[in-house]
Amino acid sequence: MDNQTVAAIWSCASATCLSLDAKRHSVETNTNDRQAPPGLSNSNNNNNNNKSTAVDADPRKLRHIAHTPRGSCFMALLLLLLLALNFRHAHSCGPGRGLGRRRERNLYPLVLKQTVPNLSEYMSGASGPIEGVIQRDSPNFKDLVPNYNRDIIFRDEEGTGADRLMSKRCREKLNTLSYSVMNEWPGVRLLVTESWDEDHQHGQESLHYEGRAVTIATSDRDQSKYGMLARLAVEAGFDWVSYVSRRHIYCSVKSDSSPFISHVHGCFTPESTALLESGAKKPLSELAIGDRVLSMNGKGQAVYSEVILFMDRNLEQMQNFVQLHTDSGAVLTVTPAHLITVWQPEREALDFVFADRVEELNYVLVHDATGELRPHRVIRVSSVRSRGVVAPLTREGTIVVDSVAASCYAVISSQSLAHWGLAPMRLLYTLQSWMPAKGQLRTAQDKSTPKDATAQQQNGLHWYANALYKVKDYVLPQSWRHD
């Protein structure tokens, strides 16, 4: 929005306020006439008519009306509307200059022997480690839950109902997948050929023994559908999916008690660095509110943006991270639920993808020596456990960390929705920056206090981010969340 547009809107807002208050003044005058005693009616009517005419004619009184409490209220409301119009939501266009437009997302089927993510099933970035076999007399048997979803066919060859038993997380993902199958192929239902196994018919380290794995197919046994079935399983939220055989798909999930699930938000490591506008690199643990760091705008171009708050900051917490290694040598370390910018060359568009769903041969945006963000191939995906989490939020909603472009958001798959969800915090930061007293106080503090003291004051999850995380389970569909 340019300055001329802002000036035009502001002029219209001022004129509207004056008109509304003049009308209110006229209505109040007429009300007083109706309430006056009979003996004074005629004289008061004449006087009030003269006053009304004066209001319409005298610009000094018009200016006075604009400063009445009601006029100030209207002016404040219109100012807020003007600010809202000035907000820009996040787009996903091509990186650099003019490299395409965002299109609808298409789902691509998996190929035979492909796994998502491309990690060992037992790594923390996938379904996680084995916890132990569950028998009917095991204390953990009570943690298994039956699945009576009528949209799912359970083969149950044993006749004991064992195939209906599974972990809570597995049941949740399986139910989500069943809806996707019916939407994709009307009249076809999801077929579960194996779930919890008590007869030890699988390998020694199978997650079937814990109720954390299912073997699935479609009810029509059409093998041409299985590649897309595997993709739908990935979209449903299974933590590890394998197109293991032409006859079926294998899926598994993390343990219900995994601490990896409890940490729902997304962060970077404290040792990761951001590039300041001055050209210096700064560890995220030392980053402060007000620092201008390298980010990405809605056109996929490199820009500098202010840090307005920290979504989370805890330098002592142990956490599992995903590491994305690129062919340029850049390595990004981030929590699995964090959104990463992934370039889709076949569609010439950018997608925001959860870090644990980025695969080898995908392209991410890397800040290179030319000063621009360019696509580079991911050559390896690994996992690591480290201490400390830091999640800065910039005004753009993106940040370049260790030379790799990433979102500031996590947990939900929509970058635009997450960016709008934080609009109140951006507005609050803007209003605070306009306050002279606040600016003078900040200037005085800068002379006597290290700049990173702002960041040092916070330890833990920001109250607003925490509120959004709690609300998301009630207002967002499961397919939009990283669960």
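From the backbone N, Cα and C atoms, a Cβ is placed for every residue, glycine too.
Taken straight from Swiss-Prot:
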BINDING   Glu158, Glu194, Asp197, Asp199  Ca(2+) 2 binding site
COMPBIAS  41-50  compositional bias 'Low complexity'
LIPID     Cys93  N-palmitoyl cysteine
LIPID     Gly266  cholesterol glycine ester
REGION    28-57  region 'Disordered'
Task: Per-residue Cβ crowding (10 Å cut-off), top of binding-site residues Glu158, Asp197 - done: Asp197
Task: Cβ within 8 Å of the mean position of the Cβ atoms of Glu158, Glu194, Asp197, Asp199: remaining residues of the chain near Ca(2+) 2 - done: Glu157, Ala162, Asp163, Trp196, Glu198, Gln201, His208
Task: Candidate with the highest Cβ count within 10 Å, taken from the binding-site residues Glu194, Asp199 - done: Glu194
- [ ] Determine the Cβ neighbour count for the residue listed as 'cholesterol glycine ester': the number of other Cβ atoms within 10 Å of its Cβ.
- [x] 25
TODO: Work out how many Å separate Asp197 (Ca(2+) 2 binding site) and Gly266 (cholesterol glycine ester) at their Cα atoms, rounded off.
DONE: 34
TODO: Would you kindly give the Cα-Cα distance separating Glu194 (Ca(2+) 2 binding site) and the residue listed as 'cholesterol glycine ester', rounded to the nearest Å?
DONE: 33
- [ ] In three-state terms from DSSP, label Asp199 (Ca(2+) 2 binding site) for me.
- [x] coil
